[in-house]
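In TrEMBL this protein carries:
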- 628-691: domain 'CBS' (DOMAIN)
- 725-782: domain 'CBS' (DOMAIN)
- 109-131: transmembrane segment (TRANSMEM)
- 187-209: transmembrane segment (TRANSMEM)
- 243-262: transmembrane segment (TRANSMEM)
- 268-284: transmembrane segment (TRANSMEM)
- 296-320: transmembrane segment (TRANSMEM)
- 370-397: transmembrane segment (TRANSMEM)
- 409-426: transmembrane segment (TRANSMEM)
- 469-489: transmembrane segment (TRANSMEM)
- 501-522: transmembrane segment (TRANSMEM)
- 542-568: transmembrane segment (TRANSMEM)
């Protein structure tokens, strides 16, 4: 009933405005002797608050009203109500003139236009990043003298090279050793190539770390934990700004090219969200409303995954399952459209240089044997265990970095890790190549062209080539696991999708080779009797690599549905959905059993962001009175509706750091009138002192229409601030179960709720109070929640 009453009063307030109250000015009322902070400008820019206290916004009334400070939580209900009132007004005016009709049409399709632009720009930026990273990665090995701007593959194509050796090199592509000594082989050539490999890696890493430190500190890391927090309603100024976009785009190319154990796919979500945030300011409907802006950011996150993997459907599901907090049906449609446009643009640019828009397209299409579900589930269990080891080790190292002197030398750390990575990686052919190339190799089927020792064996038992391949893969697995633990979280742009896929791909390939050798050695046992008795190779090791990759990535991120869709879009292996599903579920179960959180949620907790996970359950039997601040019989900072002066209010603002203040009838009665935000109160008083004559320190501050006591002769006229007062705040009683309170914070997106008893105000519960209480009852440090 309260909801419908609120809507009725919203409409009444709108009707008053549309009947001619559209040009009110800041004035001194001579008959009542009161200063009224009223509204100026036309109705297209503002909404008037009615007598019941409907949430309002008024962009021209006081600069900054309705906005939020850095590291604060937004009020979803207020922002959504503002947008509904704005929309009703535009619909009402459409019949007035052709211009108003055009404005109404523009407002209706501005959301689609915005996500269209986001998709177009995201696709173009992703194409540039893919091309740049590919060229710089090949620069560590050699150069194309005839056209230095071409990478190795393009160099061979451009000159119609037909003779390519077994390492993938062609005569037009010159190794650094060949440019200096005219030789590709020998000890001297190996040492020169080794030194150039290390030197280029250090150069790229130092540039990436230096750019991040000097121009955009927010450009480091993956960005997905912060994107999740921002989409839940948190403000981080500058995190989605233009400098972050530029430095993150350049930095991820440099980081990947340095050969560090990281990927560019996670940061693409951050880059796309930056693009969505910047373009949303072209449309005031989204740029001036934080809740509406998050609809664009959700669509942008889908576009980021779409261009990262060539997986538009998986991108939409990733945005829905993993990062978005508020995902209405229209956002689903727009996310789908945005991901589609971004994938189309990237396909048109064709950075991979083939007919496929996916990253690791698999050529084979062999059926899998039913009994193989057992090793597939086993890969899921192994993947969940590896993911848990990685998460715990990485969080431990990141916490040590924050609390030790190591955190004071971020560039030095990057250079040391890069040097160690390059020195150890070069001797092993599996770690020398880029991580994306290694994943493609692991997913591939052994064919005519055996590459880098992975397929240099026949299917006869006891072939020494098998042991060589497995030994090199085991070394690569240990190397990738250890280096990824120390790399993720450094002060360079770094993603986790590709390293996780690589770890799982290596494990899966090892298991696949083992199953293949088992089928060759014992083709007539009951497990392989039907499919393998004919002598054909019935086991596909590349399929095991795919399943293992999905298992580790699922264990690290805790994704399920979106992971499976991304994997079959990533590889084109639609036939293998069931093995991927089995491994993803087993991995999630094992991961949840061994560790409560995925890597992104763990980093959110590590950084102290106020993220209230909508997927977790609150099963504790406590009441609102146990959590509210202050506790019973302690003083509560409040404003009275008509008995405080400007000086009293200013002093309260200086003495407290609360984000808002309840307004009561009087300190004696403590009956609730409404709630006013600290920012709005400060801006209103500053604006009144600057623009209105007669405001003095002894002027009464009124949150009601008229003072309860008549003004004395010669007294300063009161300052009326009723229009910034929310007269319909969300309230609960002190006996409300905390389970209900937590659900209200999650589903309504509350910033705070007021606690009353028989109508009298007792205290306030903020989102931070809820998070601290949850940590306290889970035996964790409640002070780890750092931000308001």
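Yeah, the Cβs are placed from backbone N, Cα and C, and that goes for glycine too.
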Same-chain residues near the transmembrane segment (187-209), Cβ under 8 Å, at least 6 residues beyond its ends: 136, 139-141, 175-178, 180-181, 250-251, 254-255, 257-260, 410-411, 414-415, 418-419, 421-423, 426, 432, 490-493
Contact between the transmembrane segment (109-131) and the transmembrane segment (501-522) (3 or more Cβ pairs under 8 Å, separation 6+): no
In contact by Cβ distance (the transmembrane segment (469-489), the transmembrane segment (296-320); 3 or more pairs under 8 Å): no
Any contact, the transmembrane segment (268-284) to the transmembrane segment (370-397), with at least 3 Cβ pairs under 8 A: no
Stretch among 243-262, 409-426, 469-489, 501-522, 542-568 sharing the most Cβ pairs under 8 Å with the transmembrane segment (370-397): 542-568
Leading stretch by Cβ pairs under 8 Å, where the reference is the transmembrane segment (501-522) and the options are 243-262, 409-426, 469-489, 542-568: 542-568
Secondary structure content, the domain 'CBS' (725-782) (per DSSP, counts of residues): 23 helix, 18 strand, 17 coil
Tally of residues which DSSP labels helix, strand or coil - the domain 'CBS' (628-691): 24 helix, 17 strand, 23 coil
Contacting positions for the transmembrane segment (542-568) when only residues 6+ beyond its ends and CB under 8 Å are counted: 305, 309, 311, 313-315, 317-318, 320-322, 362, 364, 366, 368, 375-376, 379-380, 382-388, 390-391, 439, 442-445, 496-497, 500-509, 511-512, 515, 574, 576-577, 579-581, 583-588, 590-592, 597-601
Non-local residues, at least 6 beyond the ends, that sit with Cβ under 8 Å of the transmembrane segment (409-426): 194, 197-198, 201-202, 205-206, 208-210, 213, 258-261, 401, 432, 479, 483, 486-487, 490-492
Non-local residues, at least 6 beyond the ends, that sit with Cβ under 8 Å of the transmembrane segment (243-262): 125, 128-129, 132-133, 136-137, 139-140, 197, 200-202, 204-205, 207-208, 211-212, 215-216, 218-220, 223, 268, 270-271, 274-275, 278, 417-418, 421-422, 425, 434-435, 480, 483-484, 487-488, 492-496, 498-499
